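Each remark here refers to the structure printed beneath this line.
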Amino acid sequence: MKFFVLVLLLVLQFFSNKALSQSEEGEFGFNGYLYDNSGIAITNSKGLMKLTNSSEFSYGHVFYNSPVRFKNSPNGTVSSFSTTFVFAIVSNVNALDGHGLAFVISPTKGLPYSSSSQYLGLFNLTNNGDPSNHIVAVEFDTFQNQEFDDMDNNHVGIDINSLSSEKASTAGYYEDDDGTFKNIRLINQKPIQAWIEYDSSRRQLNVTIHPIHLPKPKIPLLSLTKDLSPYLFDSMYVGFTSATGRLRSSHYILGWTFKLNGTASNIDISRLPKLPRDSRSTSVKKILAISLSLTSLAILVFLTISYMLFLKRKKLMEVLEDWEVQFGPHRFAYKDLYIATKGFRNSELLGKGGFGKVYKGTLSTSNMDIAVKKVSHDSRQGMREFVAEIATIGRLRHPNLVRLLGYCRRKGELYLVYDCMPKGSLDKFLYHQPEQSLDWSQRFKIIKDVASGLCYLHHQWVQVIIHRDIKPANVLLDDSMNGKLGDFGLAKLCEHGFDPQTSNVAGTFGYISPELSRTGKASTSSDVFAFGILMLEITCGRRPVLPRASSPSEMVLTDWVLDCWEDDILQVVDERVKQDDKYLEEQVALVLKLGLFCSHPVAAVRPSMSSVIQFLDGVAQLPNNLFDIVKARENVGAIEGFGEAAESLAEPCSVATLTFTEPFVSHGR
């Protein structure tokens, strides 16, 4: 991937001795033009400093040309300092979140080993968190990165040698009258003023931001008590850094002042340069109008001819390779699927996800209702192995697995054919059809159904099948509301007693176990983790992660349920379930606790699916110290004390095996 690096170094416009004296005095600034003999060079004639352009994965640096003497001796104390600047972050992609900028104090003029994207041009994968960096920064971040424990996609943080902030807060300010907190959106067309002030005597670093038309608030947004002396050298460079990733933003500095041992001069807002106008909408309209007026007739003729040729010659074309002969009974003709789905019309669309669209249809030869998942698979390498696995999975027979009937391969597209489930997915009943709510008995039955199907995949077939994408959207319901696990598009096979090979991390956010995200190695235990999340989701009636939850404690489902266990675990139950007077509180509590058990972050602690079925059937009881085991997720080292219990719970149980010999299908790899 091609990276674009934009580095702007502020150069001196006057003599070097004059600039040196000013840096030693520790005061400089610009306000949209050169003044006070600061010698700062601007980036354009209007005084607007732009850190990044419209390139993807780029970063920009702007540094004052001369170092600032923060200490009088190597072992001395860092002097007090104050700086204020006006900045703006403008999205280039319809206000989508990109990446932010940072004010930085660095031992070098420029950060030669920095990276773009989430690293903000400050650090890279290797040196992030290295104590030898000697970098102090204040980030204005517009992207939430889980690896740095970011609270949201609109926050301000104080960073020392690492992008995991010492202290952070959602961007905003406190009103002077009553202390009310007001949010500020960092990405917009309106400039924002920031103040960063360090009191050497109190060893306190304060950060304040506010709209430029308002005075500086009395209460800072962030206040960190920390001696900066160990982190800063005698002389350091000050400046700004910003970065873009796949989503691009433009970063501007409109004005900036800095002072040692005093308060930085305020910026004259009336003399700031103007931000460039967003001309994208106007330009697009003009281009469209001209293009349509000149080429509408030609395009119409071209599309008509192309459509007719496509219908007549190529729409039903497919290639059958020699190696597919052995899978013949599992292969459908594209023509049959095309007719069954009425040409894959949108009116026949059942749903779509990250791995393909699903259409309903009826086979004309047998009048059988089917579901067809259309999957893009444009890599020829591995296609034969993939089709072989599909044919193998097609031989599965279990009442709680959706039948995979076969496949069709055409050019770079793959079609998986399943039994059609008339009631649709569990996801629809949990979130999209409030008028058709499920009572507790139905929910508990679905949980047991999915557990039975998953246990069959893990323990009762001739090979181990790891599903890798367990979630409500992949649990389908028949006319009797029986739950069936479907969509084997990501499934992996391995022999009993052997570990599966490492592959790309696949699945759905919120259901991926910690060890899978680290190692890329899926296992039956990672399936158990996802099943635990599914149990909690069915019981609580909410998604695994709610970025806009009413309180931080409710953002992550597992954390919320665990917190409530200490008080009353039943308070997390879906209100629609509570309306049913017949629901069994003891049964609900069992499912919630078992869900936390299965979703434990340490794989060795999780039970096997055989054990899960015994817990659900009441054949076995949950451990008496389960709360301590689950609570230990907050301190991974604490689980060592439960090692023997974890190993015994992970042993598979004896469950009757269901054996069938007819062919089988599902929707989607």
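Including glycine, each Cβ sits where the backbone N, Cα and C put it.
Fair warning: this is a prediction, and the values are worked out from it, not measured in the lab.
Counting every protein chain shown, the number of other Cβ atoms lying within 10 Å of the Cβ of Asp469 (active site, proton acceptor) is 27. The active site, proton acceptor annotation in Swiss-Prot covers Asp469.
The feature ATP binding site is assigned by Swiss-Prot to Leu350, Gly351, Lys352, Gly353, Gly354, Phe355, Gly356, Lys357, Val358, Lys373, with sequence analysis given as support. Around the Cβ of Gly356 (ATP binding site), 23 further Cβ atoms fall within 10 Å across all displayed protein chains.
The feature domain 'Protein kinase' is assigned by Swiss-Prot to 344-603, with sequence analysis given as support. The average pLDDT the prediction assigns to the domain 'Protein kinase' (344-603) is 87.
In the three-state DSSP scheme, Asn53 (N-linked glycosylation site) falls into the coil class. The annotation N-linked glycosylation site is assigned in Swiss-Prot to Asn53 (among others).
Per Swiss-Prot, N-linked glycosylation site is recorded for Asn75 (among others), and the stated evidence type is sequence analysis. Around Asn75 (N-linked glycosylation site), no same-chain residue six or more apart in sequence has its CB under 8 Å from its CB.
In this view, Asn124 (N-linked glycosylation site) is surrounded by 14 other Cβ atoms within 10 Å of its Cβ, with every protein chain counted. DSSP assigns Asn124 (N-linked glycosylation site) to coil in the three-state reduction, placing it in neither a helix nor a strand. Taken from Swiss-Prot, the feature N-linked glycosylation site covers Asn124 (among others).
In three-state terms derived from DSSP, Asn206 (N-linked glycosylation site) belongs to an extended strand segment. The N-linked glycosylation site annotation in Swiss-Prot covers Asn206 (among others), and the record cites sequence analysis as its basis.
Asn261 (N-linked glycosylation site) carries neither a helix nor a strand DSSP state and counts as coil. The feature N-linked glycosylation site is assigned by Swiss-Prot to Asn261 (among others).
Marked as signal peptide by Swiss-Prot on the basis of sequence analysis: 1-21.
For 22-286, the entry in Swiss-Prot reads topological domain 'Extracellular'.
Per Swiss-Prot, topological domain 'Cytoplasmic' is recorded for 308-669.
Per Swiss-Prot, transmembrane segment is recorded for 287-307, and the stated evidence type is sequence analysis.
Each of the glycosylation sites Asn53, Asn206, Asn261 was scored by the number of other CB atoms within 10 Å of its CB, and the largest score is that of Asn206. Less than 8 angstroms from the CB of Lys352 (ATP binding site) sit Val358, each of them six or more residues away in the same chain. Comparing C-alpha positions, Leu350 (ATP binding site) sits nearest to Asp469 among the recorded positions Asn53, Asn124, Asn206, Asn261, Asp469.
Cα of Gly356 (ATP binding site) to Cα of Asn206 (N-linked glycosylation site): a span of 49 Å. When the binding-site residues Leu350, Val358 are compared by the number of other CB atoms within 10 angstroms of each CB, Leu350 has the fewest. Distance from the CA of Asn53 (N-linked glycosylation site) to the CA of Asn261 (N-linked glycosylation site) is 35 Å. Straight-line distance linking the Cα atoms of Asn124 (N-linked glycosylation site) and Asn53 (N-linked glycosylation site), rounded to a whole number, equals 20 Å.
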